[in-house]
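Below is one structure, written out as structure tokens; the observations come after it.
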Amino acid sequence: MKAPVRVTVTGAAGQISYSLLFRIAAGDMLGKDQPVILQLLEITPALKALQGVAMELDDCAFPLLAGIVTTDDPSVAFKDSDYALLVGARPRGPGMERKDLLAANAAIFSVQGKAINDHASKNIKVLVVGNPANTNALIAQRNAPDISPRQFTAMTRLDHNRALSQLATKTGTSINNITKALIWGNHSSTQYPDLHNTLVDGKPALSLVDQAWYESDYIPTVQQRGAAIIAARGASSAASAANAAINHIRDWALGTPANDWVSMGVYSDGSYGIEKGLIYSFPCVCKNGDWEIVQGLDINEFSRAKMTATEKELQEERDAVKELLPA
């Protein structure tokens, strides 16, 4: 059996984490031969509820669960951490402007970025789930100068999975037969679900669906799926978000399938003309615990306009919290 790895989860008593932690402990994220120590962070008022979650984890008697730490102290939660899933974030309250939400989360993620910098393994892999995920990831990354910016990612895998599901339903095929689905940009309603390179049973997806459906049905459905779930369920996506987080880390740690890619919010190196330093969703392949952006895709005018629109939103979000970002 391998030595245990330390997995930090923030917002650990929340809805997403309740769907996430048991699957991590069962080996769904890092494999059935990888023991884990869960290091669970919550705000002080939620520590009692977190204790209850820890009791339930104990009661599952998971063979791979080598230990549990519960704390409200980031320096304890991130100590020697190998993986961190930053799930906890300030939700948008009534009458709250977007810039207020950005500022409230900037305070949270700057503290966590510093704690990661000072206490975590230098090889840590960080996934930000809490929204606004891309900009929260940027804030954490900028507050961790001793950690490579490549180690901070944001989750667009839920959007990617939604895109797969919508296309599978439309074409009457199994999700297993679809490759190269793609989300560009921000995890928000400006994201661009791009089918120009997607294959269904090896055939170009856009040869199987009409352009009108693609532009006026598929794209807005994927963009607005989160809001549709809130309207239906009375609460935001939790189990599907947890599932996507597991998919994201598993592929990053263990590798993506041959002849396919995944969508990941990663540090832009200027690929496809996207401003360097933004956390932007690109097509990525992973192997040996590292990711790289797929290069050489043709970008037509339609795609370029959509990619630029979501880039602009990310620039605006960054500029709104500029004074909170270290130089």
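Just so it is clear, glycine is given a Cβ too, placed from its N, Cα and C backbone atoms.
Among N131, N134, N197, the residue that Swiss-Prot places alongside R92, R98, R162 at the substrate binding site is N131. Swiss-Prot lists G11, A12, A13, G14, Q15, I16, S17, Q112, V129, G130, N131 as NAD(+)-binding residues, and of the candidates N105, N123 the one it assigns to that same site is N105. The binding residues for substrate are recorded as R92, R98, N131, R162; their greatest pairwise CA distance is 25 Å. Ranking the binding-site residues Q112, N131 by C-beta neighbours within 10 Å puts Q112 at the top.
Contacts of G130 (NAD(+) binding site) defined by a Cβ separation under 8 A and a same-chain sequence distance of 6+ are given as T10, G11, L86, V87, G88, A89, N105, I108, F109, N136, in order along the sequence. Spatially, by CA atoms, the recorded positions Q15, S17, Q112, H187 include one closest to R98 (substrate binding site), and that is H187. For A13 (NAD(+) binding site), the same-chain residues lying six or more positions away in sequence with a CB closer than 8 A to its CB are L40, E42, A46, L47, A49, L50, G52, V53. For the pair Q112 (NAD(+) binding site) and N131 (substrate binding site), the C-alpha distance works out to 15 angstrom.
In the three-state DSSP reading, S17 (NAD(+) binding site) counts as helix.
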